[in-house]
Each structure stands twice: as structure tokens, then as C-alpha cells.
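Below is one structure; the comments refer to it alone.
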Amino acid sequence: MAESKLVAQSSKFGILPTGEQVLKYTLRNSNGLEIDLLEYGAYLSAIRVPVKKGGVIDVLLGYDDLQGYLDDKIYCGCVVGRVANRIGGAKFTLDGHTYNLDKNRGEVHLHAGYSGMNTLLWSSKVNGNSVQFSCVSPDGASGYPGEVRADLSYTLTNDNEIVLDYSANTSKKCPLNMTNHAYFNLQGGTETIYTHKLTLNSSKYTALDNNLVPNGEFIEVSGTPYDFTAGKLIGQDIASSNGGYDVNYCINDKVKHSKCDQLKLCAEVETSEISMSIFTDQVGVQFYSGNFLDPSKLGKKGVPFFKHQAFCLETQGYPNSVNQPAFPDTIVSPGQTYTHATLIQFKF
Ligand code: GLA
């Protein structure tokens, strides 16, 4: 695979309250596609796409400065780990021991609690056309057992692909299910995502209880507003989707990536200027239509966020797997390595 040309190794982005410096990296490929990455929270903070009609569209929501990221409550492009999405009752039992986790959304544990990997300063290094981030999540972080050492590399290729490679090891048996929580709007975010056409390679999703926690059941999408198998505008049926989409779709094992059999196509999104395809080796993808985006919070250029301004496609194991024995297992033991690969390809 051809390598992207690295335009800026790094620049100073800000200083944490601890006095530690945070670097921002920019990778640029030979087609002019650029991504920005932050050491804090391993954020993917911008994807600038040079479009045919001229100019550049930044397709990610985010903030202008480090303070914006420190105050971020919506996981606006960060890594999510140790465990993505919700864990019912904020607890799980493993080998007879019950672990109580941070209750950071009512009675529920969301996106790894208060001490998730999104709150850590990651170490970083550049390796060719990749930036490799590493962190240590201490034993007991947010209530989870084991010290977890995690790596996440972002690679930009000249095929306009962004590849996210996650790996992690633990000192004690624990659940691991990491994702990235980027908010996309392929038109730049001034309007809602309603005119984006979405295709999901999925015929069912994991059913939810009243707290948005998967209850172990599955729902077929056929004949419901949740059916994106044939591709449709996100806005078409959103009014019948309970305030917007926010469910984990089970990915059909159908279309493989041409260069990597492990990666399955899970989603495609199209607008008149840009299309985006997501491939992953994970079993699920959370399609979240930005239902909780709140105008009292300001994003890039000081512009308020608004409902349905952006969508997330969070590739993952099924949420709440630790409490649902029928779901594919997310438990990792010492000596094993957790891995996750997701590839996002742009056409423009
Ligand atoms: C995920 C969840 C949503 C919401 C956002 C963060 O995608 O599924 O319900 O919590 O994260 O705001």
C-alpha cells in the first residue's frame, strides 16, 4: 500500500492542568486528504477532504482548542475504552466476583465511565504513515479489574483510507471492547445529516431495555424504520425512530475488503461530494444519529452543536456483552491480546 506523505509530524496543541504538553499530529496523503490526531484521548479531531468542486470539507465535529476536548462530554472523536457503550446496572460478574462500575448515566455505565481511556494522555510516535498511541489504564479504573496496556494506531494511505488498529493486554481477566466515537457530517455540519444516504450491511440489531441497554434479544430490521439494507436517506424515516437512531447493528458477514479478508463492509454513506465506506473485523456497529447533540455546547469555530447534526458509526462488540451470555464474548485473559481493526475509506 502506498504511503502517505507526512506533512506535519506534530505541533503543540495545549497544556493539561497537570502541566503536561499535548501534541497534535497531522497526516496528509498524496491526494490532499488530511487527518488530525490528538495525544489527549487519542482523538481523531479532523478529517479534511478536498472536494472536486473546490475547497475542503472537514467532515468531523470537534473543538478548536484543548479546553474544548477537556470539557467534552459527548465523546467527540475520542477512543472509547475499556468498554464501549452501556453496561446495564453498571456491574458485571466474572468468576464469581461482582465488579461495580462508575454509574455515569443514571444507573447505567456508559463508554467506560469517568476514567476511560478518553481521559488519558496517550504517548505517541510516528511510524511512516501511521501515528501510534499507547496508554496504561490502571487496575481498578472506573471499577474494572486489571492493568490494561492499550495501543491504537491511525494510518492514512494513498487509497484515502484511515485504518484504526487497536490492541490491548491485561494483567487480570476483564472485558475489552474499544471503539472510536467520531461524529461525521460529510457536508461539513452546517445542516442536519438527513440528506446523507446510508447503507448498513445488517439485517438485525440488538434490542434495548428502557435504559438503552441491550437486553439479549434481536430485532429484524425488515419492514421497520431501522432498515438501511438497501440504502436510504437518514432523514427518510428518522421521525419514526424514537427521537433518532441509537442502536447496535449486527454486521452481516457478506462483503470483504478487497485487500483484507478479515475486514467486512459494515456501512456506506454518500452525499453528492463525498462517500465513505467502513470496514471492520468487529461484529457490531452502533449507528447513533447525534440525538443528544446540544446547542448549549459549542464546537469548532464556536458554532453550537444541534440535534442530528452528525452521525457516529462505532464499530464494536455488542454492548453489554458482559451481562449477555448469548452475545459474542468480550472477556480477555492475561496472556491474550485484544485486537480490533476498522478501516474508513473516502471517495471524493
Ligand atoms: C453513544 C450512545 C449514545 C450516546 C452517545 C454519546 O453512541 O449509544 O446513546 O450516549 O454515545 O453521547
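Glycine too: its Cβ is placed from the backbone N, Cα and C atoms.
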Beta-D-galactose binding, same site as ASN85, ARG86, HIS181, ALA182, TYR183 - TrEMBL member from ASP227, ASP237, ASP246, ASP253:
ASP246
Within a 10 Å radius around the Cβ, which one of these recorded positions has the most neighbouring Cβ atoms: ASP246, GLU314?
GLU314
Where GLU314 (active site, proton acceptor) and ALA182 (beta-D-galactose binding site) are concerned, what is their Cα separation in Å, rounded?
8
For ligand 1, pick out the binding-site residues ARG86, TYR183, ASP246 that have a CB under 6 angstroms away from one of its atoms.
ASP246
What kind of secondary structure is GLU314 (active site, proton acceptor) part of, going by DSSP in three states?
strand
Compute all pairwise C-alpha distances among ASN85, ARG86, HIS181, ALA182, TYR183, ASP246, the residues listed as binding beta-D-galactose, and give the largest one in whole angstrom.
18
Between ASP246 (beta-D-galactose binding site) and HIS181 (active site, proton donor), how far is it from one CA atom to the other, in Å?
13
Among the recorded positions ASN85, ARG86, HIS181, ALA182, TYR183, which residue has the fewest other Cβ atoms within 10 Å of its own Cβ?
ARG86
